[in-house]
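**Student:** Below: one structure in structure tokens.
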Amino acid sequence: MSGEPEQQKHDPSAHEQMMDSEKHVQRNPHPDFKSVESTRPPWTPNTTFAFTQTAAPTWKPGQGGNDAGASLQHSHIDIDPYAAGRPAVSNYKLLISAIIPRPIGFLSTRSKDGSSTNLAPFSYTQLVNHDPPVFIVGFAGGLGQAKDSLRNLLESGECVINIVSEHFIEAANATAVNAPYGVSEWVLTGLTPAGCKDVKASRVKEAIFSIEGKLMETKEFESRATPGKKTGVLAIIEGVRFWAREDAINEDRNIINPAILRPMSRLGGITYGRLTEGIELPRPDWDEMRKEAEPEGLVREKLDGQ
């Protein structure tokens, strides 16, 4: 899942680099994962999505955390990302374990001449604007070493961002396999390509929600630890058409039902998050909040150090 390296399948040497990189990163903490997995409870297919109350439904302005101050009893340590001897992979592992959950952008792309397609998951994905609809996707490596998904996106200027749901998480994860160049992820995983209207790349028919996208611009990043080394590319993508499964969207076509979408998110290492519970928490209105805040003396000017 990018930022996490996607194999550079057009270059045999990159295959070896990918293998070395995976060994170096060591996302999988289990020497024998299948043995560990076999000790865990089985998947619960009938688990339903449900709303609960918030942890503190009677929260008042000025109250702070909902843990009665328990979190304030712990100390923190500061970490310099560029400290001498600290490898960049340590920052990578730290950040993907702390910035969670992260949406998974399952990108389907097609080369400009149509001779090659690619399907790969990227957990450096996010929605950043709605008018126009704008999404960002992060790719590991620089433009000069663009791997299949980024290469196709740069050539064609198009892609489809598919949202990963529970019912095809294994297939989506399998597309990250370091297979030789030329092997189709569509065939390998059994996922179904479906036609689009504004882009030539296929969308994943199993996906409950997909976005046809067109590349707006890219931004390349350079290593701080190794000046001159290109370490990543940010792609800014405009959503030009949406595809939603009929049973998942409301009559006004403006809300997707999370109980049907059942999205999977990326956590740290090899861990994924499943969505089974939600809370609803309205955004506060100042005219209402001040009625409680002013009598308690909580409406004050901002000060340095706050």
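Heads up, the Cβ atoms here are built off N, Cα and C, so glycines get one too.
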**Student:** Region 'Disordered' per TrEMBL: which of the ranges 107-126, 287-306 is that?
**Tutor:** 287-306
**Student:** Report, as numbers and ranges, every residue of the chain located at least six residues beyond the region 'Disordered' (287-306) whose Cβ falls under 8 Å of a Cβ in that stretch; write 'none' if there are none.
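**Tutor:** Distant Cβ neighbours of the region 'Disordered' (287-306) are 60-62.
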**Student:** Check the domain 'Flavin reductase like' (97-257) for me and report the mean pLDDT.
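**Tutor:** Computed over the domain 'Flavin reductase like' (97-257), the mean pLDDT is 96 on the 0 to 100 scale.
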